[in-house]
Amino acid sequence: MQLSQPQQDAVDHTGSPALVVAGAGSGKTRTLTAKFSHLIATGHAPERILAITFTNKAAQEMKTRLMEMTGLHQIRFEWVRTYHSACLMILKQHCRIMGYTPPLQVFTVYQQDKLIKELCVKNNIDKKYARRILSSISRAKNDGDPAKYFDRKPGFFNIRMADILAQFEERLAEMNCVDFDNILLKTRDLLRDNEDVRNFYRNLFSYILVDEYQDTNNLQEELTSLLLGEHRNLFCVGDDWQAVYGFRGSNVNHFLRFAQKYEDAKIFRLEENYRSADEIVQAANDLIDHNPDKMEKRCFSQKKGGVLEIYEFMSDAHEAEWAAKRIFNLHKQGQGVPFNRMAVVYRTKFCSLPFEKIFRKFRIPYRLMGAQGFFERMEVLDINSYLSASYFPNDDLSFERIINTPKRGIGPAMIKKIAGLRAQGGSLQGAARIMVRDRLVTKKVHENMSEVLDILDTIHDMAPAMAMETVIDRTGYIDFLKTKTKTDGEFVSKKENIEQLIHTARTKDTMLEYLEEAALIREDKDEDDQDENGVGLLTIHSAKGLEFDVVFIVGCEEGLFPHWRSIDEGDAALSEERRLMYVAMTRAERFLYLSHVNYRKGDFATPSRFIDQVRECLA
Ligand SMILES: Nc1ncnc2c1ncn2[C@@H]1O[C@H](COP(=O)(O)OP(=O)(O)OP(=O)(O)O)[C@@H](O)[C@H]1O
């Protein structure tokens, strides 16, 4: 793999912690992968290198690349993982110390939502606050000390977050589960409080590599420090100009203060952008210059001839129609740009609607990227809940979902009755088993309940794909799907999802392996069942890390981008919005179009301050 001199210097460095301050499109991934293979070449065992990526997809891509480069089997790269995945590996090994009984279950997004809604009902809180409560709990945990966090921010309206958190944790413990954030929090506790365990991992990992370091949160930073051995072989890569997850707890200060934390740290800079034309790179540089508190670097590109234009429209419909025509022209005439090399990016999801409409009208293929995750779809949740309830008998939430799916006359009243029988600390499934054993229900319900329990028992030791087929067959799930779908198209698409699910499950031998993976996949949203050759329609957050020949940044209006909430919050949030604009601009290789409208959702709209700032650079 060809490396530039600055990339090579970073790769070759050893002897002290290193931070690679890398601009957009400067080849972070290439450098990190090259570092990994260089370490192998200089005697490090690949299974002793912990390489932290930001998403599961990035981990998989890195492994594939490493396999190609080294010829080694995938299994040798078992510690190329996200923080969550790496911590789950550790936590599982030692879960008894933390009071869990193996196998430890990881809450899915669905289970998390369900539990928080149950707690809302119990505490007389409107369910519309469920999402906000969940993100507040998540922020508190990722901050490292939830109790302290809620001392500082006790809650909102009359909701006392410390109480809700206590109830939430109690239910998790009863079900022998960790939620996504507890994977990190409990691993931190484990490593912090158990010297033997900590030393074991410090000795195991001969090097730690961290990608997207600018988006590390406090808990992840602490975990890295706990895992880092005396050798202090740490290599972090990132771009503080692209730190855009502050809103969910990432703390760019870890990046900015790296040299203070590790006094002998070596800082490398990758400033050449291999992606975008220089006109785009310079405009993006000038824009980000408006942000204080950032690492200095001067990004440049040797490619010339980029196009950067700003457009104003009356309404979002006009904006979409113009973009569609421009896309059509770029595709058909002159440039011949393939549709999938073009993208429309926006600050918030709802902006996609006029584009979807017009693309359908003009028959422009598109893919709505970052749409509903595969594992959050109804049919996938149903089937997975059967597997989960079978493997984890304490999982009340999955059991409640499947007991009456497909419908078998076990409605909410009956579920309440079952719950009433649940002994202290016992599970819903346990209570249902007592009801069946003691014949406490009518003949029909008895039969149906016995059938469900029998399915759960039957599939318990099966491989996941076979378990799915058994569930589908014995419950008549496909017929049930027919009754749940309104159109033929919807039915076929759901059926195909199930086929895809079974196909995915075939890659796993055990139920536990499969269920863990399903629970860990959340940031890698599936691209909907749309044309993969189509124009990308996606939020800027989803566009991070991607590149396109042509990029339209639409909806550049005050209140929308920057978002009104960030305007209210003040400077730090506004800087993050500007970094988002920087990310969006640097996705483009040759053509970059920024647009804003005069009327949005019936109200008068003013151009984004970022439009003015980019205009200044163009002048
Ligand atoms: N030394 C190099 N010579 C030529 N091309 C390179 C070099 N390094 C990286 N590239 C290319 O530059 C492009 C950007 O690389 P990559 O996606 O790794 O950048 P990045 O730093 O992760 O970008 P971003 O942070 O903006 O997502 C890729 O197409 C990559 O193949």
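Every residue gets a Cβ built from N, Cα and C, even glycine.
All annotation found in TrEMBL is predicted automatically rather than curated by experts.
What TrEMBL annotates here:
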type	residues	note
BINDING	Ala22, Gly23, Ala24, Gly25, Ser26, Gly27, Lys28, Thr29	ATP binding site
DOMAIN	1-277	domain 'UvrD-like helicase ATP-binding'
DOMAIN	278-545	domain 'UvrD-like helicase C-terminal'
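Ser26 (ATP binding site) has a Cβ environment of 26 other Cβ atoms inside 10 Å. Under the three-state DSSP scheme, Ala22 (ATP binding site) falls in the strand class. Every protein chain considered, the tally of other Cβ atoms within 10 Å of the Cβ of Gly23 (ATP binding site) stands at 27.
Excluding the listed site residues Ala22, Gly23, Ala24, Gly25, Ser26, Gly27, Lys28, Thr29, the same chain places Thr31, Asp239, Leu270, Asn273, Tyr274, Arg275 with Cβ atoms within 8 Å of the centre of the ATP site Cβ atoms. Looking only at the domain 'UvrD-like helicase C-terminal' (278-545), the predicted model's pLDDT averages out at 89.
Neighbour density for Thr29 (ATP binding site): within 10 A of its CB lie 16 other CB atoms from the protein chains shown. Sequence-distant neighbours of Gly27 (ATP binding site) (same chain, six or more apart, CB under 8 Å from its CB) are Leu3, Ser4, Gln7, Leu270, Tyr274, listed in sequence order. Other C-beta atoms found within 10 angstroms of the C-beta of Lys28 (ATP binding site) number 22, with every protein chain shown included. Most Cβ neighbours within 10 Å among the binding-site residues Ala22, Ala24: this distinction goes to Ala22.
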